[in-house]
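As written in TrEMBL, here are the features:
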- A:1-65: region 'Disordered' (REGION)
- A:15-26: compositional bias 'Low complexity' (COMPBIAS)
- A:27-37: compositional bias 'Pro residues' (COMPBIAS)
- A:46-58: compositional bias 'Pro residues' (COMPBIAS)
- A:68-148: domain 'RRM' (DOMAIN)
- A:161-240: domain 'RRM' (DOMAIN)
- A:233-253: region 'Disordered' (REGION)
- A:239-253: compositional bias 'Polar residues' (COMPBIAS)
DNA sequence: TATGAGCGT
């Protein structure tokens with residue numbers, strides 16, 4: 001009984017991206033590091049893709065509740081609309097992309113939105129790309145449904161029991177961390193390696209979420225010092241930021 | 001190294 005989806009590495013992207021890098025009009029590769037100095041203009045030689053998007057409107061207003069927008073996070077400062085559009089344009093279903101920027105500094109806030117031509121297309125991208133490596137090779141896509149427009153609630157009606165995992169090696173990814181725990185604990189919901197947005201590199205720690213509190217407790221001791229990639233993990237309690245469903249009464253979505 | 005997580009015109 002293997003899970004059907006699997007990691008789904010989406011290899012086309014990296015290949016396509018590398019191919020596009022050969023071409024003269026491609027997007028700019030990441031510049032070294034402007035440090036504190038903000039870039040003068042964002043991709044000065046790049047045309048904003050939404051402008052050239054075909055005015056393909058569906059004449060049916062009835063499906064206004066159809067959610068077609070994804071939220072994308074963990075973006076680095078140089079990842080602009082042009083970059084995102086190239087990541088998803090080959091799906092043929094990416095309508096427009098937008099990176100949210102600080103109004104004063106024009107710096108990317110590290111997240112954006114991807115609007116697709118259909119909800120199915122958006123979901124397909126979410127399933128295929130989420131957690132896979134980004135074309136810059138340094139980090140993973142972090143995708144989610146955009147909120148507020150999300151008619152479907154998170155299939156998450158159970159609380160999370162989270163642990164802190166430190167001393168992670170530099171090559172440990174969300175997926176890797178998840179699998180290390182999932183092989184021993186059935187209730188693992190997922191894991192997240194914290195990324196430093198300025199460098200795009202891991203901060204060396206992360207979090208693992210369990211659905212079962214007893215497994216969380218067991219993992220706190222059993223996984224202490226267990227090797228993950230090349231380093232033994234250091235497990236600790238996680239400060240639960242979200243208090244979940246308990247003690248929340250009368251809160252309506 | 002150490003406690004994520006960020007939702008717009």
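Quick reminder: no glycine exception, Cβ is built from N, Cα and C everywhere.
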Per DSSP, what is the residue count of the domain 'RRM' (A:161-240) in each of helix, strand and coil?
19 helix, 33 strand, 28 coil
Please work out the helix, strand and coil residue numbers for the domain 'RRM' (A:68-148) from the DSSP assignment.
22 helix, 28 strand, 31 coil
